[in-house]
């Protein structure tokens, strides 16, 4: 409603500032014109923060005004078929081909199949929430745009930082896994193509130049054309599915049911710990929601594309995990290239090359779709000036955000060069679960609160019930993480259930979806909140420490730069709107 319009006062402002690399291109806002202005802005931080905490964007702002920040519109060229294969291509990659072995051996045993089912249910609930938003607000900003509309600027910014982290470290994890499988394909050990530097810290001393080169190649495809990327993706995904079918059929011919015993050697806790990490395997479908702006018929294509891809993915994961556990005892499963090594262990050494080739194809498409999705997130965030508007530029010829794509993939390449998969995957799961939880909260707010229409009584009840739902879910996760007893769940679970029931019964919905909506609201988003919190409680403390450091860095940036840039842009937009209103009278 009062959101950015950096054209204000200068019809050519966007074009000039997007074409260079000067200070004006990166910090064009009034607060950064001089040191005096910046000092005044810093002194006004409390008032500006309060304004941004209370500000909620309007759908029209996200769908119309924000697009104007990019000079040129993205091309509407995608159908449900494209979206479905983008979903498959975005998800099936490093998670199933690498983390399955790691988590089966360390945490779950053959019960890793149950871990995948739990993660899949959580992901499907999030898919429903994303789908309703993507249809109602078909903007390139994805969850960032949804949270700006429903939960306000500040929450959206914190989520935005974690969205970008999710994509950067997710891409880095896949790029490093690509190197491992490429080494296997070349009949080498997974680390043979990495450079060991003993002077660097442990866990950061195996440098991966292949991951860097791969990121550069993917960048070239991503900036060329979204439709061309889509064609490449679904051709590669179909080949990938063919390899998966081969793995299942060939692997089951070597199945030994005795390998499933013991089924859950690490107990229920191991199953959920593995599920939290394996949630990484489902990361990527949210990239499909960022393509809504480039979809021909969002209301039809997005539900079909997202749900169909998630069904295919969940079935494939569960069957693949079961096949792996039937081929080998869990203690002997390789942690780096489990499927390839499993075939070698049963005497089919030639098959490991087919597996490695399929894994490489899958991880290539994951990187491609990730590159497409992360650039659209950054583009929309830049449209609000929370980060520099230089990143919002869309190339006139290709219809793609070149600056955002190149910048994100440069960050991905840097992380991939140094950081191993295990550290990356846990941190990624925290960011992803956190964002999915916020989107579920935003959906409940969207359905039950409309400014100026919802009564204060219903608003207060909504706040109380949401607080109880989130509080009981958090308490359940903490209790799970810190205790081996079960009595605490007898308190937290009923509070969650009764709070959701009370919201369902006593607060009328203020808004109905225009085309397609999540069924059984508030139950579906409330269950999504509870599962996401519960899985967070299964992640190790060191990963939360890294998450806290990243969030701290985000807040420092926001208070020093992002807050003032977005505030100036919002005020400029309000002034321009008032001038236009006066001139029309």
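The backbone N, Cα and C atoms fix where each Cβ goes, and this holds for glycine too.
Caution: TrEMBL annotation is automatic and unverified by curators.
Look at TrEMBL and you will find 83-102 (among others) tagged as transmembrane segment. Outside the transmembrane segment (83-102), and at least 6 residues removed from its termini, the chain residues within Cβ reach (under 8 Å) are 112, 173-174, 177-178, 180-181, 230, 233-234, 236-238, 240-241, 244, 277-278, 280-285, 287-288, 291, 295, 301-302, 304-306, 308-310, 312-313, 316-317, 320-321, 324, 333-339, 359, 362-363, 365-370, 372-373, 421-422, 425.
Taken from TrEMBL, the feature transmembrane segment covers 114-133 (among others). Within the chain, the transmembrane segment (114-133) has long-range Cβ neighbours (under 8 A, six or more residues past its boundaries) at 103, 107-108, 142-143, 146, 264, 271-272, 274-276, 278-279, 281-282, 285-286, 289, 302-303, 306-307, 310, 313-314, 317-318, 321, 433, 436, 439-440, 442-443, 446, 513, 516-519, 524-525, 527-528, 531-532, 535.
TrEMBL lists 154-175 (among others) with the feature transmembrane segment. Below 8 angstroms of C-beta separation, residues 49, 52-53, 57, 93-94, 142-144, 147-148, 208, 211-212, 214-215, 280, 283-284, 287, 363, 366-367, 370-371, 373-374, 377-378, 381, 386, 408-409, 411-413, 415-416, 419, 421, 424-425, 427-428, 431-432, 434-435, 438, 550-551, 554-555, 557-558, 562, 566 of the same chain, each at least six residues beyond the ends of the transmembrane segment (154-175), sit close to that stretch.
TrEMBL lists 207-225 (among others) with the feature transmembrane segment. Residues of the same chain lying 6 or more positions beyond the ends of the transmembrane segment (207-225) and with a Cβ under 8 Å from any Cβ of it are 171-172, 175-176, 178-179, 182, 193-197, 232, 364, 367-368, 371-372, 375, 395, 398-400, 402, 405-406, 409-410, 412-413, 416-418.
The transmembrane segment feature in TrEMBL is assigned to 232-251 (among others).
The transmembrane segment feature in TrEMBL is assigned to 304-330 (among others).
Feature annotation from TrEMBL assigns transmembrane segment to 350-373 (among others).
Annotated transmembrane segment per TrEMBL: 402-421 (among others), in sequence order.
The feature transmembrane segment is assigned by TrEMBL to 462-480 (among others).
Residues or ranges marked as transmembrane segment by TrEMBL: 486-505 (among others). Within its own chain, the transmembrane segment (486-505) has Cβ neighbours under 8 Å at 444, 448, 461-462, 465-466, 468-469, 471-473, 475-476, 479, 522-523, 526, 530, counting only residues six or more beyond its boundaries.
Taken from TrEMBL, the feature domain 'Cationic amino acid transporter C-terminal' covers 516-566.
The transmembrane segment feature in TrEMBL is assigned to 517-535 (among others).
Look at TrEMBL and you will find 547-567 (among others) tagged as transmembrane segment.
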Stretch with greatest number of CB pairs under 8 Å, the transmembrane segment (402-421) reference, 232-251, 304-330, 350-373, 462-480, 547-567 candidates: 350-373
DSSP-derived helix, strand and coil totals, residue by residue, for the domain 'Cationic amino acid transporter C-terminal' (516-566): 40 helix, 0 strand, 11 coil
Long-range neighbours of the transmembrane segment (304-330), counting only residues six or more past its ends (CB under 8 A): 80-88, 91-92, 96, 100-101, 104-105, 109-110, 112-113, 116-117, 120, 123-124, 127-128, 130-131, 134, 241, 244, 247-248, 251-252, 254-257, 259-260, 265, 281-282, 285, 288-289, 338-339, 342-343, 345-346
Long-range Cβ neighbours of the transmembrane segment (462-480) (under 8 Å; 6 or more residues past either end): 272, 441, 444-445, 448-449, 454, 488-489, 491-493, 495-496, 499-500, 502-503, 507, 526, 529-530, 532-538
Taken over the domain 'Cationic amino acid transporter C-terminal' (516-566), the model's mean pLDDT: 88
